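Peer 1: Copied straight from TrEMBL:
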- 8-398: domain 'Major facilitator superfamily (MFS) profile' (DOMAIN)
- 7-27: transmembrane segment (TRANSMEM)
- 47-64: transmembrane segment (TRANSMEM)
- 76-95: transmembrane segment (TRANSMEM)
- 101-122: transmembrane segment (TRANSMEM)
- 134-155: transmembrane segment (TRANSMEM)
- 167-186: transmembrane segment (TRANSMEM)
- 220-243: transmembrane segment (TRANSMEM)
- 255-276: transmembrane segment (TRANSMEM)
- 283-300: transmembrane segment (TRANSMEM)
- 306-329: transmembrane segment (TRANSMEM)
- 341-362: transmembrane segment (TRANSMEM)
- 374-393: transmembrane segment (TRANSMEM)
Amino acid sequence: MSTQKSSTGWIVTFAATGINLILGLLYSWSVIAAELIEKWDWTNTQAALPYTVCVALLSFMTIFGGRLQDKYGPRIIALIGGSLFGLGILLSAFATTPALMVGTFGIISGVGMGFGYASATPSAIKWFEPRKKGLIAGIVVAGIGLSSVYMAPLATRLLRLYSIESTFVILGIIAIVALVSFALILKNPPAGFVPKAKAGRPVVANAEDMPWNQMVKTPAFALLWLTYLLSATAGLMLIGHIVRIVRVQTDSTEGFYIVMVMAIFNTLGRVIGGYLSDSMGRTTALLIVFLIQAGVMFSFSFLDTIFLIGAGIAVAGLAYGALFSLYPATTADFFGLKNLGVNYGLIFTSWGVAGIIGPILAGRVVDLTGTYTWSYIVAGSMLLLGALLIKFVKAPAAK
């Protein structure tokens with residue numbers, strides 16, 4: 001066994017959180033998309049495509065990035081991921097068509113984001129005792145939600161001062177420098193490392209450890225994957241179109257403030273979601289989240305002031321953020337801790353599919369109708385279906 005100063009773990013956690021704070025630039029895409037529509041005459045669907053592809057690749061590349069960082073360590077994979085993420089943004093300055101932007105921001109930055117995201121959390125939680133790993137994971141993942149608090153106004157300010165092309169160049173350089181710097185700090189504990197643990201109850205899984213190839217055959221996996229898809233679709237639809245929704249429903253050009261509201265409450269939802277699931281059970285908490293989301297979606301077309309939209313986004317952000325606490329915890333409860341990385345990675349692919357459905361659905365509907373009303377109705381109906389399916393989610397029987 002080996003020991004090391006506890007400060008090392010916190011330094012790694014700081015770097016991992018920093019990585020997510022930069023990767024969260026994705027959540028400010030609606031600010032850029034609004035400019036592409038206004039200045040370059042792109043349709044809503046075209047402006048949503050780069051974001052959609054980036055979300056999808058983030059989801060699927062997390063599986064491969066996780067496996068690679070297990071083999072080669074988090075530092076090298078985070079370096080590759082950070083460089084690709086920033087390069088994709090930088091090259092977007094030269095992407096004057098939707099297809100080229102899909103290639104730069106969507107594919108290059110999407111692959112980089114998947115690698116960076118996969119390297120951040122595992123490298124941090126390995127330094128801490130079991131009773132702190134949930135807290136550490138929450139801190140690291142919260143970084144990606146909080147990033148819009150500063151990324152949205154930064155992107156808005158740059159777009160007001162400079163062209164779209166110059167904004168991409170500046171953001172790309174910032175991303176490369178920051179991500180490479182944080183990646184150099186990441187490292188795994190030495191072999192045989194055992195963190196000091198305080199007296200208290202250990203954290204244990206509520207199920208036998210199940211490998212991924214067995215997990216995917218269970219009804220629980222299918223239901224968790226499908227319900228995650230249904231719920232995430234609504235959240236990602238709003239995130240990808242917040243600024244445009246504000247312009248369509250209020251004629252306001254200050255939508256970046258609402259992006260910040262979403263970021264703050266998205267982060268709070270991750271903490272509150274964990275508390276709810278611990279106190280009332282995973283599936284009960286999921287049911288509440290689905291019903292809250294459905295209510296918000298059905299009411300959203302009636303929100304016609306920036307204050308009302310801000311209130312609706314705050315509630316939607318809480319519910320969306322809760323998914324990032326509830327689904328990993330449920331996965332651990334149902335399928336054990338040993339294979340949690342790959343098991344949750346597979347369930348997380350539903351988030352990537354949701355990133356394709358939500359933004360494109362909303363963009364297509366508003367292109368055809370001029371409003372988001374039918375997008376809200378479809379999303380709300382999907383959430384009610386998800387709430388019904390949650391009632392059938394049960395842990396696999398122990399063998």
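Yeah, the Cβs are placed from backbone N, Cα and C, and that goes for glycine too.
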Peer 1: Please work out whether the transmembrane segment (47-64) lies in contact with the transmembrane segment (220-243), by counting C-beta pairs under 8 angstroms that are 6 or more apart in sequence and asking whether there are at least 3.
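Peer 2: Contact confirmed: at least 3 Cβ pairs fall under 8 Å.
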Peer 1: Which residues, given as numbers and ranges, are at least 6 beyond the ends of the transmembrane segment (283-300) yet have a Cβ under 8 Å from it?
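Peer 2: 227, 230-231, 234-235, 273, 276-277, 309, 312, 315-316, 318-320, 322-323, 326, 330, 372, 376-377, 379-380, 383-384, 386-387, 390-391, 393.
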Peer 1: The transmembrane segment (255-276) and the transmembrane segment (306-329): do they have three or more Cβ pairs under 8 Å, with pairs 6 or more apart in sequence?
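Peer 2: Yes, the stretches contact each other.
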Peer 1: For the transmembrane segment (220-243) and the transmembrane segment (374-393), check the count of CB pairs under 8 Å (sequence separation 6 or more) and say whether it reaches 3 or more.
Peer 2: yes
Peer 1: State the mean pLDDT for the domain 'Major facilitator superfamily (MFS) profile' (8-398).
Peer 2: 86
